[in-house]
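> Quick one: the structure is below, and I'll ask about it shortly.
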């Protein structure tokens, strides 16, 4: 009957029930961050909106743990999805992830998250991302640049410790070639511009993303901005405060 059919096609994500997905590729991006690809049966797609997240289940010492991660692959990618996962030295989930090999299975449920991007909904998106907080920005940005009819301006601000630790440099450089996209980098532990490649010198700032910088970024927006913020709880809280001081209203930003 109907129940049988749904079992034979296990690619339907559900927020309640964990589903098994096979790891098809595993890359170490930096000393603590992995870029992992999961296979979807046939040519199926994960049914989620760009920027939504999933919940991963791990078992450590017979203890079940759950953590949220955001796919960075395009929402309409066929046959796979990809996530960025940062490992922490004492993290329980990190122990699971460090043991992963291609061909292993991981269990996910979802999607979650109530930011639903619609093309041309905002004049300009001001994306503020710290570290793996870049994740939800990637599929949203890609959905804009993949759609010739979407003329939203995007200013993407990425905060990292060092130049070395910036994720997805190639992707970010490619995106910055689009007429409606600008990228900026804020590096908290770099000192000298000479260490940076030429193409980064103009658009990199040393230090932290503070009130003054936010005000400058907001004033440089070409249209009325809607801000998207993702990073640590502290980063998110600070950015919300700075955006309000810079004149944005509570309904003109979204905190992931």
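The chain as shown is numbered from 1 upward.
Any Cβ shown, glycine's included, is placed from N, Cα and C.
What TrEMBL says about a protein is an automatic prediction, not a curated fact.
Sharing the feature lines straight out of TrEMBL:
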DOMAIN    16-118  domain 'FAD-binding FR-type'
BINDING   67, 69, 84, 86, 93, 94  FAD binding site
> On average, what pLDDT score does this prediction assign to the domain 'FAD-binding FR-type' (16-118)?
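That stretch averages a pLDDT of 94.
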> If the FAD site is taken as the center of the Cβ atoms of 67, 69, 84, 86, 93, 94, which further residues of that chain fall within 8 Å of it by their Cβ?
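Apart from the listed residues, the neighbours are 56, 83, 85, 87, 91, 97, 132.
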> Could you state, as a whole number of Å, the largest distance between Cα atoms of any two of 67, 69, 84, 86, 93, 94, the listed FAD binders?
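Max Cα-Cα spread across the FAD binders: 14 Å.
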> With DSSP helix as H/G/I and strand as E/B, how many residues of the domain 'FAD-binding FR-type' (16-118) fall in helix, strand and coil?
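Once the DSSP states are binned, the domain 'FAD-binding FR-type' (16-118) shows 7 helix, 52 strand, 44 coil.
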> Can you give me the same-chain residues 6 or more apart in sequence from residue 84 (FAD binding site) with a CB-CB distance under 8 Å?
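Listed in sequence order: 29, 33, 34, 35, 69, 70, 72, 132, 134, 135, 167.
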> Cβ distance under 8 Å to residue 93 (FAD binding site), same chain, sequence separation 6 or more: which residues?
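The answer is 56, 58, 60, 65, 67.
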